[in-house]
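Enquirer: Sharing a structure, written as structure tokens. Questions coming.
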Amino acid sequence: MNEKKVFHNFKSYINEALLNNGDKNGSIQELKPKLLNGELVVGAAHSVVLLTPLSERDSGRFGSLFVTNYKLSFVPLETSQYDEYGQKNHLLGTFDVPLTGVGALWLTDGGPQRRRRLLPYADMPGKVKGLQVICKNMKVMTFSFANSPIGNGRKVAMALIHHAFPKRHDLLFAFEYREPYYPTLPSDLNMFQRPGDWKRELERCECPHWRITCINGTSDAFMLTAGETLIVPSSVLDYNLMESARHFRSGRVPIWVWGRPEGAALLRSGELLPTEQSATAESVLLEQVRRSHPKLSPPRVLYLCGAGGAAPSPHAPHAPHAPPALPALHSLLASHKKLADLCTPTTLPNFWLQDSQYYSILDSSRWLRYVANCLAFADDAASHLMSNITVVLQEGDGVDYCAVVSCLTQLLIDPYFRTISGFQSLIQKEWIALGHPFCDRLGLPRPGPGKEAPAQAPVFLLFLDCTWQLLQQFPAAFQFTDTYLVTLWDCVHNHLFDTFLFNCPRDRDLAVSKNFTPRPVWDWGEQFSEQDKALFYNPLYMINKPIPMTAQRLSMPAVSWRNSRPADDTERLRPCCSVGGVELWALCYERWLPPLDTPHAGRLHFHLHHCRLRAQIQQLTDKLSSLSIMNNRHSNGDEDATESFRIPAVSRFYPFSLNRYDNVTRNLDSMQVSLIDASQLLDSQSLLNAPD
Amino acid sequence: MDKHNSSELLNSDFSLSKNASSDSLDSDSKSSSLNSKHGQDSSHVLGDIQLLDGEKVMGVARDVTYLCPYSGPSRGVLKVTNYQLHFRPTEATALQTTLSVPLGVVSRIEKVGGASSKGENSYGIEVFCKDMRNLRFAHKQENHSRRGIFEKLQQLAFPLSHRLPLFAFSYSESFPEDGWHVYEPITELRRMGVNNDMWRITRINDKYEICDSYPSVWAVPAAANDDLLRSVAAFRSRGRIPVLAWIHPSSQATITRCSQPLVGVSGKRSREDERYIQLIMDANAQAHKLFIMDARPSANAIANKAKGGGYESEDAYQNAELVFLDIHNIHVMRESLRKLKELCFPQIDQTRWFSGIEASCWLKHIKCILAGAVRIVDKVENHKTSVLVHCSDGWDRTAQLTALAMLMLDPYYRTLRGFEVLIEKEWLSFGHKFQLRIGHGDERHSDADRSPVFVQWVDCVWQLQQQFPTAFEFTERLLITIVDHLYSCRFGTFLFNTERERVKEEVKSKTVSLWSYINSRQDLYLNPLYWGPSSFGATTPPSPYSRPQIVLVPVASLRIIKLWKALYCRWNPTMRQQDPIYQRTRELVALRAQLEAAAAAAAGEYAQRHHRMALTPPRVASPHHV
């Protein structure tokens, strides 16, 4: 029934066109997009119809379509209260897409059934009747120019194709954005930019046998894609590093990323080059790694892409039960493309056709198999680390799957990374500081002269997907929610922020030296209200355990409320790594499919109920403390205040579905004020945590 | 005082949280404690055999090896009782291989290998179960060591084939509540407002003479007299005439159920049947139309004409619209679940998993059934039109559809007790042939009448639960427990085919109801996130959208429908949910309850003190306000 309601909000454009051809044209011309400081309109089309996705008949919204140097923006003629997503972005409206979020363009001849791919730099046909935009986050927008003034469609398509696929990196809007930026990053976020940041991490992990070297920041740098600070075995000399780097792809010698006070450490490296001395160079370095272990145990090398390039070294014979090797980047890209096809049906018949072969399409994409394999590698690495064996991850250039598996391993072992700050620090460490080539992998233009066409692949999405699987399997272990992960993925395509804008720290430094203002995406207040940020926090997190702090050292026993087993073992997550145990991340991939969105459905209801419970608990605790200090005023008033925590009815893909209920946000508001900072909730626990 | 309070809190919370976690640790995903008495900790299931009241050890085989597909071979003792097969490993470290399997789940038993078979563990027996697993035991290759236990197993697992009684007739545990009183047909009809102007209750079938597979009490259109009912029964397969399943509280639109009309190849008509259908339509003043939902694919319906059955022609039935729902027959479903079992047990093949799910078609069948039920709900709720549902005999697909539609329409059936009523009414009283479909105590494992129709319906209910996590008062644990005891033969609930047989065999006096067992420990099955009318209280919510949803309309798409791993893959230890969400919820609920109590106590103390000191009048007098 509620589906029906949606349709009523949209008007059939055919009727609309007949009615309004004359008198409303004037007002259409006056529609304007909201512009940011430094943003310019570069193309516009009027009397455009945005077609309702996957509807049975052609219906849609009238309005104007604009292309700016930042975004593609549709401005509807008549605004309605249903025009907003549950999550409101300060920078982007409901019908806006940042240009870097534009994935593929299709020309449609008036309807979504007949379409033709529009490639960048290809010739534009003389007449453009319809345009379909497939976004990188799998949202599909179809526009019809049937009622537009002649030439409008072509004009806007030209502008889009020109600006959405720029040839130079510094043409991206981040370089034009004029809004001043006042950083308000949380203090416990480690950006891993300066040697001191790495020192903090080394101290947190209590690993005395490792040292910081800044040689990579000097003219002797050998690992050009990583930041200036590296952590290496204390016994190895900078000179040795420079020597050995010649034998590793991209100079990626094994470097420390994480360790345990007991001695085992996690290292990442690139594959060996097929040089004569490479095997020797590797064994020399691995020997140094061994000496950095207090028990002198030899490290275990995990070959993430198979033992392919490297000859098995005597130190680490290839494990017989190793998980299947991870795919080459182009296979991962192909896999993601099939997944995207499955999640972006453009017509309703197509939607149901896919539905009838859903599992075979899913199977042929292999995406979930890759997800399971990443988890299996991480579980394998975690097991070794837990038995105090150092693990060296090795893969290609050491910047893709190394980052995925290394992050997942740390999520499995170290509870600090399961907090929001910890997770953001983890991304800063493994993806930003150690130089995952975001530009290349996301298909942005390369800063500086690019030699060959770099490999494009959604490696970071693979990581987010794996993390989501862990969230699914351990609903109380993470401070963040799937809403947070989905939002993060959306923000990867918002090139206003610098976090995912560069290939390596070196490129960023170079841009900053030319007056570029970096804006980390972690400043969530730039985009979202407190209320939207509240949905990032998991109400189930740490119900009965204190939140691990950055300052807290690993060896300090986590004060556990219930059980007194050693912290290590209880904190280690043991995920199910079988294909049977992983699921498709529906909130991320299928949220734009209206037939699937039903009110009162979905997992967010768990979230809301738990929020209410926690709010009630908080209130009771307050009341209890006020009673205990005999405060008359507090005890009189709100006996039934718990009743005020009403649970709003939301639909399956909230907050990524259009807001159909006016009261939702208000209710969310009243409930979640106390949830912004989950550590506040510790107050309610402090009574319980107190030692007897 | 502050200190005193907090230490008290600490202590009581320890116990509370312990309860919460031990309750849910073994719940939600794993098999429920099949053989334990309620209240016993799940750890007791490991190790020594726990005998139920009325259970006796009938045979013992020592030096048997259980070939566990997950943790490897394990030596131990195999015992057979009149209820279960029990294996206790000798090694204390192998306790996880303890087995306690009700013999009711055994589908067939076979000898593996001969006295001269070569290789380790090649000689023994294999037990094939109805609950998606097989058990292999290896015996020593001397003195026919397996013969005794094999014969005992044959006899006790298939008592009906050996002229022995089912265990339910020996089981004698008593529970505080008698589950046989959960469903009273008259009470349930009264709840729906029958008798009323349009519908009346009739006892015409009191002796099961009109229809031997129907209950004794029906609700029929008030305008239909007994003679008409008799004539209609003659025109409907096995006398299963259209009777009331559910009536909409405000629009009076109804769901009625029946079997196919006996049209045959010649296209016979029955004036009485046509008139009767017209009466059903007239009983709903809101619409001048009736939908007849034939659950079968149209080809099957046409094929049934050759056997004397068929479907209503729209020429003969004025104002009726016939819709085929394309749900396949019991044989297709049996084959589908067999394929699914191959996929799920014992190991999951990484490369074949998704293609295997598709090839089994199980989820597609689930989708068809859900989609069919959604169509019924749409007609009844949105168009205020009455719907008549039938398939061939009206006891398999019809029961699936009506029971599912009622679950979507009426929140009462989504409560624990309401759900029990729903099963009693739509499945048991209307004669779903549980004995034939499950084959309790019968050794003919390849009998073509066997089919997982009821399990498939429970799967559909689970899909609803997945889609609407707060709409049900109970969790999936209840569903798994019901499926377990569907086979176990410990309770009388699912024995026999019809109400008539159950009355004849005095099931109610000679056996225990499954609902007695479940209702004695309701807390194990309650959903802490339930948000239904009963949990909401009397206050009117501010907007209709923040009211609990009355009607559930699930999305029947394979993108949403999931494989119920907690049921089908539950024997595989790696596939278990790592940390059931309900456990955390229960902890929170327990904490809230405890804080409420503490606040009440503190408020009481505070008020008392004020009273004594006569400083101010006690304004927070009653702890009930808190």
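Even glycines carry a Cβ here, placed using N, Cα and C.
Keep in mind the model is a prediction, meaning the values are calculated, not measured.
Straight from TrEMBL, here's the annotation block:
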ACT_SITE  B:CYS391  active site, phosphocysteine intermediate
BINDING   B:ASN304, B:LYS305, B:ALA306, B:LYS307, B:ASN329, B:ILE330, B:CYS391, B:SER392, B:ASP393, B:GLY394, B:TRP395, B:ASP396, B:ARG397  substrate binding site
COMPBIAS  B:11-37  compositional bias 'Low complexity'
DOMAIN    B:179-568  domain 'Myotubularin phosphatase'
REGION    B:1-42  region 'Disordered'
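I'd like these features described in context: how deep, what's nearby, how far apart.
Expert: Counting every protein chain shown, 27 other Cβ atoms lie within 10 Å of the Cβ of B:CYS391 (active site, phosphocysteine intermediate). Mapped onto three states, the DSSP output places B:CYS391 (active site, phosphocysteine intermediate) in coil.
In the three-state DSSP reading, B:ASN304 (substrate binding site) counts as helix. Within 10 Å of the Cβ of B:ASN304 (substrate binding site) there are 21 other Cβ atoms, across all protein chains.
Averaged across the domain 'Myotubularin phosphatase' (B:179-568), the predicted model reaches a pLDDT of 93.
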Enquirer: Between B:ALA306 (substrate binding site) and B:CYS391 (active site, phosphocysteine intermediate), how many Å separate their Cα atoms?
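Expert: Counting only the Cα atoms, the answer is 15 Å.
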Enquirer: Among residues B:ASN304, B:LYS305, B:ALA306, B:LYS307, B:ASN329, B:ILE330, B:CYS391, B:SER392, B:ASP393, B:GLY394, B:TRP395, B:ASP396, B:ARG397 annotated as binding substrate, what is the maximum Cα-Cα distance? Answer in Å.
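Expert: Greatest Cα separation within the listed binding residues comes to 21 Å.
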Enquirer: What three-state class does DSSP give B:ARG397 (substrate binding site)?
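Expert: Once the DSSP labels are grouped into three classes, B:ARG397 (substrate binding site) ends up as helix.
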Enquirer: Taking only the Cα atoms, work out how far B:ASN304 (substrate binding site) lies from B:CYS391 (active site, phosphocysteine intermediate), in Å, as a whole number.
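Expert: Rounded to the nearest whole number, the Cα-Cα distance is 10 Å.
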Enquirer: With Cβ-Cβ distance below 8 Å and at least 6 positions apart along the chain, what are the contacts of B:ARG397 (substrate binding site)? List them in sequence order.
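Expert: Listed in sequence order: B:ALA295, B:ARG296, B:LEU325, B:ILE327, B:ASN329, B:ILE369, B:CYS391, B:VAL453.
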Enquirer: Quick one: give me the count of other CB atoms within 10 A of the CB of B:ASP393 (substrate binding site).
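Expert: A count of 20.
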Enquirer: Including all protein chains displayed, how many Cβ atoms other than that of B:TRP395 (substrate binding site) lie within 10 Å of its Cβ?
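Expert: Within a 10 Å radius of the Cβ of B:TRP395 (substrate binding site) lie 25 other Cβ atoms.
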